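K.L.:
Okay, so Swiss-Prot annotates it like this:
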{"type": "LIPID", "residues": "2", "note": "N-myristoyl glycine"}
{"type": "DOMAIN", "residues": "21-56", "note": "domain 'EF-hand 1'"}
{"type": "BINDING", "residues": "34, 36, 38, 40, 45", "note": "Ca(2+) 1 binding site"}
{"type": "DOMAIN", "residues": "72-89", "note": "domain 'EF-hand 2'"}
{"type": "DOMAIN", "residues": "95-130", "note": "domain 'EF-hand 3'"}
{"type": "BINDING", "residues": "108, 110, 112, 114, 119", "note": "Ca(2+) 2 binding site"}
{"type": "DOMAIN", "residues": "132-163", "note": "domain 'EF-hand 4'"}
{"type": "BINDING", "residues": "145, 147, 149, 156", "note": "Ca(2+) 3 binding site"}
């Protein structure tokens with residue numbers, strides 16, 4: 001599979017060349033999920049990574065992609081080949097990873113990488129302009145908090161914003 005140092009021109013197949021800011025957006029999303037910084041993301045993280053770019057893959061699409069991936073991992077060049085056409089086809093109103101990351105940081109006031117119950121309450125008050133009851137905030141958190149740890153991490157935030 002590819003190495004981004006070898007192929008500096010990023011092309012989306014059968015389409016115009018990706019602009020530098022589009023490459024940067026793909027790079028930011030890729031790096032977000034390349035947690036061990038080995039230049040690859042696993043099939044499991046690929047779906048979450050795609051969602052940060054505003055693309056909602058079905059389980060079937062992810063299974064098909066995983067069958068095409070050798071070794072269960074995707075490097076950045078393969079990621080560009082996969083996501084380039086989707087990025088080029090996206091509509092102007094789709095939210096990119098940079099905007100999602102900025103919004104997440106606004107809510108994560110202590111910068112620990114998670115949105116706590118208190119931070120969520122403050123964010124909802126700022127967004128809605130009214131104070132919600134403890135029960136309402138708990139209900140919202142339960143709906144968003146997929147892993148049940150009482151916090152909203154970036155992936156859970158992306159899923160919430162994509163609904």
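Glycine residues also receive a Cβ, built from the backbone N, Cα and C atoms like all the rest.
Give me the local environment of each listed feature.
P.N.:
Taken as a whole, the domain 'EF-hand 1' (21-56) shows an average pLDDT of 86 in this prediction.
Taking Cβ-Cβ distances under 8 Å and a sequence separation of 6 or more, residue 36 (Ca(2+) 1 binding site) has no neighbours in its chain.
Beyond the ends of the domain 'EF-hand 3' (95-130), by six or more residues, the same chain brings 25, 28-29, 32, 52-54, 137-138, 140-141, 144, 150-154, 157-158, 161 to within a C-beta distance below 8 angstroms of the stretch.
A helical conformation is recorded for residue 119 (Ca(2+) 2 binding site) in the three-state DSSP classification.
On its own chain, residue 149 (Ca(2+) 3 binding site) has no residue at least 6 apart in sequence with a Cβ closer than 8 Å to its own Cβ.
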K.L.:
DSSP says what for the domain 'EF-hand 2' (72-89): how many helix, strand, coil residues?
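P.N.:
Tallying H, G and I as helix, E and B as strand, the rest coil: 15 helix, 3 strand, 0 coil.
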K.L.:
Just to be sure I understand the packing, how many Cβ atoms besides its own are within 10 Å of the Cβ of residue 156 (Ca(2+) 3 binding site)?
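P.N.:
So the number of other Cβ atoms within 10 Å of residue 156 (Ca(2+) 3 binding site) is 21.
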K.L.:
Please classify the secondary structure at residue 112 (Ca(2+) 2 binding site) using three-state DSSP.
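P.N.:
For residue 112 (Ca(2+) 2 binding site) - judged by DSSP and reduced to three states - the answer is coil.
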K.L.:
Where the distance is taken from Cα to Cα, which of the binding-site residues 108, 145, 147 turns out closest to residue 40 (Ca(2+) 1 binding site)?
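P.N.:
Nearest listed residue in space: 147.
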K.L.:
Can you grab the distance from residue 45 (Ca(2+) 1 binding site) over to residue 114 (Ca(2+) 2 binding site)? Cα atoms, rounded to a whole Å.
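P.N.:
Here the two Cα atoms lie 18 Å apart.
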K.L.:
Taking the Cβ of residue 114 (Ca(2+) 2 binding site) as the centre, how many other Cβ atoms fall within a 10 Å radius?
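P.N.:
A 10 Å sphere around the Cβ of residue 114 (Ca(2+) 2 binding site) contains 19 other Cβ atoms.
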